[in-house]
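Taken from TrEMBL, the feature active site, proton acceptor applies to E424. Residues or ranges marked as FAD binding site in TrEMBL: T137, G176. Per TrEMBL, domain 'Acyl-coenzyme A oxidase N-terminal' is recorded for 11-119. Sequence annotations record features per position, and here TrEMBL assigns domain 'Acyl-CoA oxidase/dehydrogenase middle' to 133-243. Annotated domain 'Acyl-CoA oxidase C-alpha1' per TrEMBL: 274-439, in sequence order. Taken from TrEMBL, the feature domain 'Acyl-CoA oxidase C-terminal' covers 474-651.
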Amino acid sequence: MQRERAQCSFNTRELTHFLDNGAENTAKLEKMMLQFERDPVFKIPLYDLSWKEQREMTFRRITRMVPFIASDTEEEFIKRFGLLGIFDGATYTRLGVHYGLFIQTVRSMGTSEQVQKWIVDKGGVNCHKFFGCFGMTELTHGSNVAGLQTIAEYDPDEDVFVINTPNLGATKWWIGGAAHSATHCVVYARLVVKGRDYGVKQFIVQLRDIDTFELLQGIAIGDIGKKMGRDGIDNGWIQFTDVAIPRDNMLCKYTQVDDEGNVSKPKFAEQMGYAALVKGRVSMVTDSYNTGKRFITIALRYAAMRRQFGKDNEGNEKKIIDYTHHRRRLFPLLASVFAMNSSSIEVEAFQSKVQEQVIEGNIAEAIPNLKDLFALSAGMKAFGTWETCKIIDEGRQSCGGHGYSAYNGFGQGYNDWVVQCTWEGDNNVLSLSCGRALIQNYLSMEKGEALGIYSAYLKNNENMELKSEDLNNTAVLIKAWETISRNLIKKATNSYAKFFSETKDQEASFEKVSSNRFQIAKIHTKLLTLKTFYQRIQSANESVKPVLSLLCNLYALHITSENIAEFYSFGVIRGSDFYEDLNYMIDQLNDRLRPDIVGITDAFNLSDFFLGSQIGKRDGNIYESYFSFVNGQTGKEMKPFYYDSTYKPFLHRELKKSDNDAAE
């Protein structure tokens, strides 16, 4: 491994600073990582724990995280939280439901008085006699938030809202923290006043007595049980039967109900109501990068040490990283991780800007930015989490049989990760939402309305043809991608307009162009990911620009190769030679990156603790540590524990004559 590092052409420390968005951030992250590594509660392996033991361990770890709320700034705690997510998805989520969903919803949708009451006075910020959960998803409704069925009906005589679960399908389901942790829940329910349905709003409902932890009257809760992954989260279900809550328990920053039952609701109340959901999606863009870098590091370090088949120049078996196809499998995925790094920084900054506008009540500026943010976060979340799924599984397969061992991280990592493709918005549904927004943006542009910064390229009508000599010019490739995206969005918009002119039915017309919507969401998102990566490189330290430029060029060619049909369909490329040249160029870039590969993974700055894999060790000692760890987990008992009860009776059973006859 030392030999691999010696051939690196750049300063890995500078590349780390680029990935962390500055040396100051690197220093903070390293201090936090050391605190995790030295904490004995976080050192305990989770591999062989039962799901009930995982629940307990997860909450033990939560108790170690919460004190940092007092000592960290909000920005610092978000960074600490992100580090936790790299190696422990269950604790990250169980605590994240409280801080990232419950607290964030109160901050975004509550008045300043409600924020003070629930976050400060009631102890929400410190989890003191208070632990929140997020009651949105129901048994029969998830992504369709507007279709939720739980009822919150105002009773003017008692000046309360009465919460009810009207049928089995309205049971709150998959609610993280509900089974064993939560004292309170922010419940998404339909506001009904004087028989009129005002749509879905947010209500704070206490679930349990603070002192006894017994369920309050009218509350029924159950445990959903074992899942595919993240078993440390106590997901549960909730049903409400005539649960009365004070009127001011409705989060009323944008919609108010007075004591006489008069409802005041601004024009954009629904859009503002969904604003709290966006932060979760944005954080998952960063999660995609953090998890992707972990597993691509394991796969590439293993590839740099594993030898198999043919001979190298020194007569040894060849390293698998030196096989052309192995590089083709992994190097473009490494480039994707770098691209996700830049896009996560971009979308986080934009989300923070919009969130500030929402909290300050600056509606005029917030609404157009929210439209951009909804589309951007939906696309980035969907295609980012899908890409990380691919990275984990391709990384596992690239490690052969050893990738299948639980002790090398891939199995639990994949099972924990794939839920990201479903929660906070199913990826297919989010992709369709993104595509719908892009069509609406194009229609707005045709009316002369202003476009957001991420859709501004739609105004440029310039088309281009890509030549083979342009393949190493990322700026030109971006222009080609803009041409493809613009033409696809125009085509989708025209198809939608045609259906709408015939039916005058907006929803049916959007449904007719669903495949177009998915396609334009994918291309638009890939384009923005490429652009943010390329633009960010321009301000990078000169010492790392060459390797970053190679990675960016590789990413551009990789996504072009994956979507080559669109380039041919609009005449941006012509002839079969181009595709051959494209594949040749990808292999050439892989060869140029080869000496730097281990150095690039080092720049992610993940210690062995955070990698959690015996075959991804920094020192390259993949076999000795693996063998030692396995024996430490399983012991050296030669007889199975079920020998006397099951195996011995079977092995020494008396055979009937007919059994021997059959054998003959």
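Including glycine, each Cβ sits where the backbone N, Cα and C put it.
Automatic prediction, not curation, is the source of TrEMBL annotations.
It is 10 Å from the Cα atom of T137 (FAD binding site) to that of the residue listed as 'active site, proton acceptor'. According to its DSSP assignment, T137 (FAD binding site) is coil. Packing around G176 (FAD binding site) is summarised by its Cβ count: 25 other Cβ atoms lie within 10 angstroms of its Cβ, all protein chains included. Distance from the CA of E424 (active site, proton acceptor) to the CA of G176 (FAD binding site) is 12 Å. Each of the recorded positions T137, E424 was scored by other CB atoms within 10 A of its CB, and the lowest score goes to T137. Across the domain 'Acyl-coenzyme A oxidase N-terminal' (11-119), DSSP helix (H, G, I), strand (E, B) and coil residues number 90 helix, 0 strand, 19 coil. If you take every residue in the domain 'Acyl-CoA oxidase C-alpha1' (274-439) and average the pLDDT, you get 92.
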